[in-house]
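S.K.: Annotated compositional bias 'Polar residues' per TrEMBL: 758-774, in sequence order. Among the features that TrEMBL reports, domain 'Ig-like' is placed at 23-124, 131-229, 238-323, 337-431, 438-531, 537-624. Taken from TrEMBL, the feature domain 'MAM' applies to 734-913. Taken from TrEMBL, the feature region 'Disordered' applies to 758-783. Under the heading signal peptide, TrEMBL lists 1-26.
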Amino acid sequence: NTVVVLMLGVAKPALCFFSPTAPANAQIVHSGAACNVNDDNISERIYTIKEGYTLVLQCIVKGHPRPQVRWTKTAGSASDKFQETSIYNETLRIEGIQRVQGGRYYCKADNGVGVAAIKSIRVDVQYLDTPVLTVHQTISDVRGSYYQEKTVFLRCTVNSNPPARFIWKRGNILIEQSKDNGVDIYEPLYTQGETKVLKLKNLRPKDFADYTCQVSVRNVCNIEDKSVTFRLTNATTPPMIRLSVNDTVVVVDPGQDVLLNCEIMAGFPAPTVTWSRYPGPLPLSAQVRGPMLFLRAVTPADAGFYNCSAVNNVGNPARKNVNLIVRSKCTFLRITPDSNKDSETIQMGRDLKLSCHVDATPQDKVNYSWYKNSAPVFNSESLIILRSDPDMAPGTSSLEIIDMKFRDLATYSCMANFPGSRVPELRVDVNISQNVSPPVLSVPPGGQVVSVQEGGNTELVCLVVDGKPRPPVLWSRAEKDLLMPGGRSVTETPDGRLRMRNVSRDMMGVYRCQTAPYNGLNIKRREAQVQLNVQYPPILDPVFQDLRSRNYQMVTLRCAVLRSNPPRLTDIRWFRNGEFIRIPMPDLKETPELQFKLEPRNNGSYECRVSNSIGMSTCTFNVSTKPYNAEFYFDTPNPVRIQKGNNYSYNLQWTQRDPEATDPIIGQQEQHVPVGEGKEPEKGVLMSHTISDLKIPLAYEVRLAPITTYCTGDYISRTIQYSEPYTYPRPSDHVCGFEDERICGFSQDRSDVFDWTRQNHLTQNPKRSANTGPETDRSGTKEGYYMYIEASRPRVQGDKARLLSPLFNVTSVRGPKGSGRVPYCVSFYYHMKGKHIGTLNVLLRVRSIASHTTVDSEVWTKSGHQGPDWKRALFDVSPSGPFQIVFEGIRGPSFEGDIAIDDVSITIGKCKQENTVASAGKTGKSFKGWEM
């Protein structure tokens, strides 16, 4: 490779006055692994990228004051609402882009003056998944026949963008429907082009074979074809399974081992068995061994619906599920004083209710028994047992003591058991006496505020110092919507001590402690609060800043303290390249600041180290008079061949990042050619330099660096590789069928509203509007391409799209029989099907060599529905100079208005009139035209 080093040019200083201007000429440039960029329509470019690649978009703007850049995204062309989080910098970078991240990206530049500048680019993420092939078969009696028809459907489904092309093979032989009456290939309705079905009618011996479904996106973005193969035999059958348990509900005790076996009863090929659980995934302790699922020592957390699925891609998957219920042991008791008197203490002559609840699964399988001083309790006038208390949670048993007497002071026991279970009988006792009293909650002295360093351990204490019986203590965050460190809203502590480990600053705040409403008096909760104070080193801004400046200018470095706990700072020190800078001790109450004159000797890395009693944090500044890098513009056209010799030239384009940040950028006058001499770089404005006398087919590495009086900036480089440009044709007998991506040198008019689109049947949007647009190209093949306008949203009535032919140079100034102009025949096919068809115009655009202006004149037009077939139009033009043919499509009143053109030719001489019908179109012009 030859190395060419280019320097940025000389710019003389100038004194001028600036007035605020709104941001203008916003551009989106791109880099990364792009497959293709359709740049024909400047209002919306399409950036095609392969899934998993890195997307890099950069917004180049100019304006004064300097605009702020904001990136936003919409989900697709049909959505106008901004989604995702905005990004506030000039470069948007997405590593490993995924298909859901495709859509339209907007770059918005605003400086508060006038209207913001907005530019958009649509990112189209291409992908191709491995196809899934399933087999379905039917056996049914056919009326009037003495045999059974066995029909098999092979269904191939794939996710892809763009839509994939399907190929079916039997063995290694391509299956063509037209050559085999025993097969039928079709696309089911509502599958959006993602599914192809191969139907085998009345199976024949040769139909038992290996079938391959191959999918392709025609190597876009270098995505290779993918395929899947299935062997069809006379033994092919869908799966059948059964579970080792007979009931759909299985109740087990905690700690018990559970074995579930999903037995395969039938299926060929051999089915694959998988286990899943709802809700949530399988427990971590679960062991899957083929069709068997083993759960060791189950807990209540392991309960749920366990599903067994068997799949062999034949028919529908076989599924069985079982509801696993694990019995639990949690038991509590509530004491409710006379609720009618709003009492919080036990008093003689009042009513009292004892409520016993087992948090069990299943709840309705629990049996309760009540005992008084170990003797069974039976219903009486003073003691009433409620098997299911309507005032309490379901599955609660209550014992009501009516008009309590001294004889009712005793020890009461609630016994709960699970019939048929190994879970032991549960028992809870309570001694009812006149000593039963409400609890008193208290925070120990000095415990109202607890301080701890970040990363340490601590304990919040809230004690029940009085009351009988003593309930547990519940902890929660006082601030709404904040969760406890364990991720729950409430944490229970039996002794009132909340232990916290590895404390972080997000745990800081007020914590509420409350008495639990169970295992104690069922009264109004007692509560208190504890403040957790987490101490941490100062949080500074910026953590890192790259600062560029001119020489001998005053530079101010500020290290803002955003937060600090404790807030009092203990020390502030400044360092340059690791060495302490001896300056007067800064005021610890002010923002740390260092001010100095930047000179060549004091460039380097500066650190501001700020400390409090907990630790130290650092702001780092890279201070330099070195200019920022230049940035290549990657939309530069291909290298251009120079006709003299085997040489070519290249127009190098770039932008200079923040050219005013440092000393003026100058050129290098030695062996290198200065670039941009006499023009000072402006932020966001493209600079260019043509490199000539490059040899074909050599490649060149171009290195570019900005230079100031102080130093040379860092080099950036790119490689120039010559590629043969498209040669614009002279008018000839060549017919353009738009089969090549370069579309014969045609281009989109950048002054119109939207674009013509190149497509064929295989690349059509499967969701496109029905009853409009062609199914094939003019020749009737699905692989052939054509150009068309899409009339669906966001297009509105009257929107125009213009397609420009190459510029044809008129070299002869004399026509036949001494006429002053040479005639040309324009021929093309058009398709205008749909009840909302607008207008197709053909314009003759002639360039004036003297005034460098262009004049458009209408030479052909057609409006409205013209039937389902392609039709031909041809007419003569006699341009006065270099000319182009413009195809203008105008959108009609609604979406059924797609217009297409194909097989365009522009030839010297008048159109031949054989087998034609004279027509003047609908323009009333004096030209002669024909249609076929």
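Cβ atoms are placed via backbone N, Cα and C, with glycine included.
Where the annotation comes from TrEMBL, it is an automatic prediction and has not been curated.
Could you give the neighbours, burial and distances for every feature on this list?
M.R.: Across the domain 'Ig-like' (131-229), mean pLDDT in this model comes to 85.
Here the domain 'Ig-like' (537-624) is broken down by DSSP into helix, strand and coil counts: 3 helix, 54 strand, 31 coil.
Among residues of the same chain six or more beyond the region 'Disordered' (758-783), those with a C-beta under 8 A of the stretch's C-beta atoms are 162-163, 165, 191-194, 218, 737-738, 741, 743, 790-792, 829, 831, 833-837, 870, 895-898, 900, 902-903.
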S.K.: Write out how many residues of the domain 'Ig-like' (238-323) are helix, how many strand and how many coil, based on DSSP.
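M.R.: Computed counts for the domain 'Ig-like' (238-323) are 3 helix, 50 strand, 33 coil.
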S.K.: With pairs restricted to those 6 or more apart in sequence, evaluate whether the domain 'Ig-like' (131-229) and the domain 'MAM' (734-913) have 3+ C-beta pairs under 8 Å.
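M.R.: Checked: the domain 'Ig-like' (131-229) vs the domain 'MAM' (734-913), in contact.
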S.K.: With helix taken as DSSP H, G or I, strand as E or B and everything else coil, how many residues of the domain 'Ig-like' (438-531) land in each class?
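M.R.: Per DSSP, the residues of the domain 'Ig-like' (438-531) fall into 3 helix, 46 strand, 45 coil.
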